[in-house]
Amino acid sequence: MAQRRGGATSRCAGGTQTHRRRTRATTAVWLLTYLILPSATEAGLYSATDQIISLNAESVETVLVNSTAAIVAEFYASWCGHCVAFSPVYKSLARDIKEWKPAVDLAAVDCAATETRQLCFDYGIKGYPTLKFFHAYSKEGSKGLSLKGFPRDVRGLRHRIIDQLEKHQEPWPPACPPLEPISQAEIDSFFETNNVQHLALIFEDDKSYIGREVTLDLLQFENIAVRRVLSTEEGLVTKLGVTDFPSCYLYYPSGNFTRLQVNIQARTFYSYALQRLPGVVRSGKPPPPDTVESLTNRTDEPWRPFNRSRVYMADLESTLDYSLRVELAAHSVFSGHALVSLKKYISVLVKYFPGRPMVMNLLKSLNSWLQDQPGDEISYEALEKIIDNRAQSPNTTLPQGARWVGCQGSQPHFRGYPCGVWTLFHVLSVQAKKAEGTDAKEVLSTMRGYVHHFFGCRQCAEHFEEMAQKGLSEVNTLSAAVLWLWKRHNLVNNRLAGALSEDPKFPKIQWPSPEMCPSCHSVMENGEHRWNQDQVLSFLLSYYSSQRILTDYLEDENQILAKQREKHASQAVEARNRAERKAREASDSLPLPSQPTVHSEEEEEEEVQDEAAAEEEAEGGEGATADEIASEPTTWANREMMGEARPQVRRRPSIVGMRMREQREDIVDLDSFVNQHYKAKAMQLAASSRVKQRTLQRKEEPEPGPVFGLGMELDAGFGMVGLQPLEAELDQDTQQQTKQRPKRELVGRYLTEEEWSHKRQWMSALSIGFSRVDISLCVILYFLSCVCLLVMYLFFKSRLRLRKAKIALS
């Protein structure tokens, strides 16, 4: 044994740097082994959250054979009552020596499983539970060292493991630091061979394990070395003036030293204080920023100084915002158990959340809306309208965006929302305790349901569900609920300590720390740390009290409400414009039947202006009108014969809103010219054949009255008002003969010149010979059609306006 100690002492004096390099390499190997190996005994007594490696036939050689770390393996049977009773102690041991990895690790094999029975036979297991110690770099076929009569408490097991490490034969576990006492000569030359900032010397008695435990507790931390000094080392004891055993002193290269100030001289307090010395960081982790200016919780936001002993309302509101607007938004529809969990979540928030009035108004309206929903399914789209307060209820809103203060991290990906969720549910559990609620599990079951259905980290949700299944049934009082949540939070902190998600500026610790709550920590007679749960409960009720929540960094309520009103106004304008565009597109795409076109108001104004301009041109003499052309038929006929073009006749539209049509060639009466339907052809034929001018007239009735007849003459207007006399198309000789020739009736009697002149005027007035009754009927029908078209125009216009109004309101 003396030879073993001498070898260890020499390694202690000069091998610290090599130990550090080996520690980093072995840590990486341990992480790969711990995280990648399959867990074959998830259905047994241990799971992945217990930080115990579950072994099976495939993984046993990877862990136990040629391992760089010493392994303590438990062989148990899941049906064994003693194994079940021992499992909580083994789990506690795994949490207690978590920082000792990768120098020593814990594993377990369920021999009751079919696939591991032969494995247990091969390792000579005859009873349960059995603990075996496997040295580092164990050979294949090694059955390990059986720890007979092992203690059934964490402290005793921890000491047995240290004893086995000290007895370890070569090769020594590369990650394990020296555990032997150090001498004054080694201390004098220590900084010549080791590049560390702090050397911690723990003075203790020979039988004390505190020095070795703290040494292993600091195994995964850099820039610090811990050594054990026995009380028999009189030179050092005298030089430093040590009077208390145990006690811890910090020794520096210059020869200066100072005593480490802790509340209680115990392992837990030493380890916590040393891990938080300046420059001490976890292996593989970047050093935390030393200055506040270099910290950012967002890339574009400065660091917000805060009091670590207080809770901030900004964190709680930021948590609610992310929960309601981000995590719930990932679910388009809520139904079944998810809907029940959602309703319960909002209900608990209404009862116990100590929010500002505008936030509480929103939660109350949201809770009322959820409770009033009759169906078994709710969409997030409908829920979002209530969250955003689109009904514009007064003094009702939830600030948008994250504004982390107490939960801000040194980098954007650290802390934040997970910290906010824990803080929120701690506050709710404490508020339920102070409100003296009737259901002790109300907040915890709500948290369980929310995490199970909505929390984004699904592996975290599975771990929390596993914890809830194991211990939630034991909660029967509101005080127990507060403490249950605190214990589970510390379990998670222990499991995540050293993980990639740990913020180096805010390491995962067992909370509250000794500095924050000294009375929460106590030491048993054997020197073991224990929690004073009465003091812890008192601390939690004070720390998470609504009266102690700080409102720093909160945006003013009036500004938030003003921003909400502006947002709603802009959304309303955008919705109205979008509805108008859709209505316009829909109206443009409708098919147009044989009915007058409904023009917009701008088009109607343009048409009215065009008509007025046309009237002014006609009155001003610009261009020839139809009357002017009709009054000078001979003149224009002569001009046309000479090749001069006839001016265009300006016509007014018969219906308001209808556009002018191009002038077409007039149609001649079919009774007179059966085969010649157009005026030009008729004129040519008349000019060539010299058709006699005829009149079609009934015989005169005995009684006087209006004459009904169908008159037709070649020198009178045909069809429509403004037609040119046919004489204009004849040559002058033909016109002269026509004037001198007496007019003859259809029965063969010729009319005199005066009769013909009178008849000509009458037929010109009545167009092609229709009577006054016929003309009256035509006028009446024309008027009725105009009225009908006008009514249709007004009807469709009113319908369009109503449709626009409905779309805007929706």
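Note: Cβ is positioned from N, Cα and C throughout, glycine not excepted.
Look at TrEMBL and you will find 571-587 tagged as compositional bias 'Basic and acidic residues'. For the compositional bias 'Basic and acidic residues' (571-587), the list of distant contacts is 390, 800, 803-804, 807-808, 810: same-chain residues at least six beyond its ends, Cβ to Cβ under 8 Å.
Taken from TrEMBL, the feature compositional bias 'Acidic residues' applies to 601-620.
Per-residue confidence over the domain 'Thioredoxin' (37-167) averages out at a pLDDT of 89. Positions annotated as domain 'Thioredoxin' by TrEMBL: 37-167.
Summarising the annotation, TrEMBL assigns domain 'ERV/ALR sulfhydryl oxidase' to 410-511.
For 1-20 (among others), the entry in TrEMBL reads region 'Disordered'.
Look at TrEMBL and you will find 571-649 (among others) tagged as region 'Disordered'.
Here TrEMBL flags 1-43 as signal peptide.
Residues annotated as transmembrane segment in TrEMBL: 779-796.
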Per-state residue totals over the compositional bias 'Basic and acidic residues' (571-587) - DSSP helix, strand, coil | 17 helix, 0 strand, 0 coil
Kindly report the helix/strand/coil residue split of the domain 'Thioredoxin' (37-167) according to DSSP, in that order.
-> 49 helix, 23 strand, 59 coil
Where DSSP helix means H, G or I and strand means E or B, what are the helix, strand and coil counts for the domain 'ERV/ALR sulfhydryl oxidase' (410-511)?
-> 66 helix, 2 strand, 34 coil
